[in-house]
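Listed in Swiss-Prot for this protein:
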{"type": "MOD_RES", "residues": "ALA2", "note": "N-acetylalanine"}
{"type": "REGION", "residues": "2-267", "note": "region 'Interaction with NBN'"}
{"type": "MOD_RES", "residues": "THR86", "note": "phosphothreonine"}
{"type": "MOD_RES", "residues": "SER128", "note": "phosphoserine"}
{"type": "MOD_RES", "residues": "SER186", "note": "phosphoserine"}
{"type": "REGION", "residues": "279-353", "note": "region 'SIN1-type RBD'"}
{"type": "MOD_RES", "residues": "SER315", "note": "phosphoserine"}
{"type": "MOD_RES", "residues": "SER356", "note": "phosphoserine"}
{"type": "DOMAIN", "residues": "382-487", "note": "domain 'SIN1-type PH'"}
{"type": "MOD_RES", "residues": "THR398", "note": "phosphothreonine"}
{"type": "REGION", "residues": "468-522", "note": "region 'Interaction with ATF2'"}
{"type": "MOD_RES", "residues": "SER510", "note": "phosphoserine"}
Amino acid sequence: MAFLDNPTIILAHIRQSHVTSDDTGMCEMVLIDHDVDLEKIHPPSMPGDSGSEIQGSNGETQGYVYAQSVDITSSWDFGIRRRSNTAQRLERLRKERQNQIKCKNIQWKERNSKQSAQELKSLFEKKSLKEKPPNSGKQSILSVRLEQCPLQLNNPFNEYSKFDGKGHVGTTATKKIDVYLPLHSSQDRLLPMTVVTMASARVQDLIGLICWQYTSEGREPKLNDNVSAYCLHIAEDDGEVDTDFPPLDSNEPIHKFGFSTLALVEKYSSPGLTSKESLFVRINAAHGFSLIQVDNTKVTMKEILLKAVKRRKGSQKISGPQYRLEKQSEPNVAVDLESTLESQSAWEFCLVRENSSRADGVFEEDSQIDIATVQDMLSSHHYKSFKVSMIHRLRFTTDVQLGISGDKVEIDPVTSQKASTKFWIKQKPISIDSDLLCACDLAEEKSPSHAIFKLTYLSNHDYKHLYFESDAATVNEIVLKVNYILESRASTARADYFAQKQRKLNRRTSFSFQKEKKSGQQ
């Protein structure tokens, strides 16, 4: 090991030792940096300093002439040495040698024509094609599974299996629904079938998915192969079908409805099934009436009372005041709850609170309910749209589409290219909940082609009125449909509206009476 303290000698040693062996470029950086610093310390103009330069054989100073190696090219980054011609040639020969190894040379020889027929026959020997015996090996797992699940192959609802969302929970929007099956036996219908569907599916697709899962699980009885033979109804938590509302529209997406409990009901569309008519019992209450559907006349009056109270209180817990049933024709006489409907010989009853009496004339309504009126009342909850004209304050009209169903009334403007140019015709869509509806009255009927009706509803603690006009037949149908809906619902807003209207009428009557009394005294 040698210790040197002369930077010039050290730099010269690095320069000569790493001319061809430095591939990192580190020596170039050392030479450039230290030579610059050394030049600043020992400028070349200073004479007599023998320690800062090395004398060559020709007597000239060589201290900084060879400060940088001639074989290292200075660049922005590290130095890169160019390859010599010999190295490039050796690399080319190596690649050619590797390519020759990959090639195979075959020597061409002339075919010997003196070959016997036996030798030619041995070249293409005839093989015996015998039928192989059937393989009696073990069956594959797929074959075994297909034999165990024959219903999967013969399921007529396989096309709806793509809407099954059980494998997409957490990754895609899904909806879990409990479906009751009234077509089951009396014990199986109490337990719902849980279905997980894609949120993008329609109601028709959900019906097909329910039928597919029903068939895959091997349930009985078998379903009709036609999906259109079924519909979905709103159901209570105990499986009771709510017939006051129409079935869900098959073309609507399922995510539009927030119901978690539904019932799959068969449509009675064939002529043989149309004779199966439902039985309805009318229950009068203080602010309207309800139609309770029963399967037969063997049902007890206690079951009818429970349904009536549940229908009156809705989703609230059945607690608080107790009620009893009375015949419409026999006031203040309670009905025996253990008796059957058949033994009562009546189809109309009154719901009266315990420890109270029914006043005369409180429930005086037409007790004669024909089947046509019942059908009109039930169909009034089905959605139907009408094209009418909405009358504004300045007496100009706007064409709108009036959609009426059992749960709400929708008013959508019908815009046309001609009407869109007028700045005042900018009617916004309006949606009115049925619980906020108060009244629907015929305002004017001039001719069969022109009539006006008024719709009253509650908005922000204030009663608002909307006026519409159309032909007389359409107006009468709308008024009748809305009034059927209002009579079948015990709306608080409607009761308050009539109470306020009655108070105004009484105040006006008393004022006119006092005025007449004063004029008589004079």
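Quick reminder: no glycine exception, Cβ is built from N, Cα and C everywhere.
Mapped onto this structure are the features recorded in Swiss-Prot.
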| residue | record | DSSP class |
| --- | --- | --- |
| ALA2 | N-acetylalanine | coil |
| THR86 | phosphothreonine | helix |
| SER128 | phosphoserine | coil |
| SER356 | phosphoserine | coil |
| THR398 | phosphothreonine | strand |
Using Cα positions only, nearest of the modified residues to THR86 (phosphothreonine) (ALA2, SER128, THR398): ALA2
Fewest-neighbour residue among modified residues, criterion Cβ within 10 Å, set THR86, SER128, SER356, THR398: SER128
Taken over the region 'Interaction with NBN' (2-267), the model's mean pLDDT: 75
Pairwise CA distance, THR398 (phosphothreonine) versus SER356 (phosphoserine), rounded so that it is a whole Å: 51
Other C-beta atoms that fall within 10 angstroms of the C-beta of the residue listed as 'N-acetylalanine': 4
Per-state residue totals over the domain 'SIN1-type PH' (382-487) - DSSP helix, strand, coil: 22 helix, 56 strand, 28 coil
Euclidean distance between Cα atoms of SER356 (phosphoserine) and the residue listed as 'N-acetylalanine', Å: 124
SER356 (phosphoserine) to SER128 (phosphoserine) - Cα separation in whole Å: 104
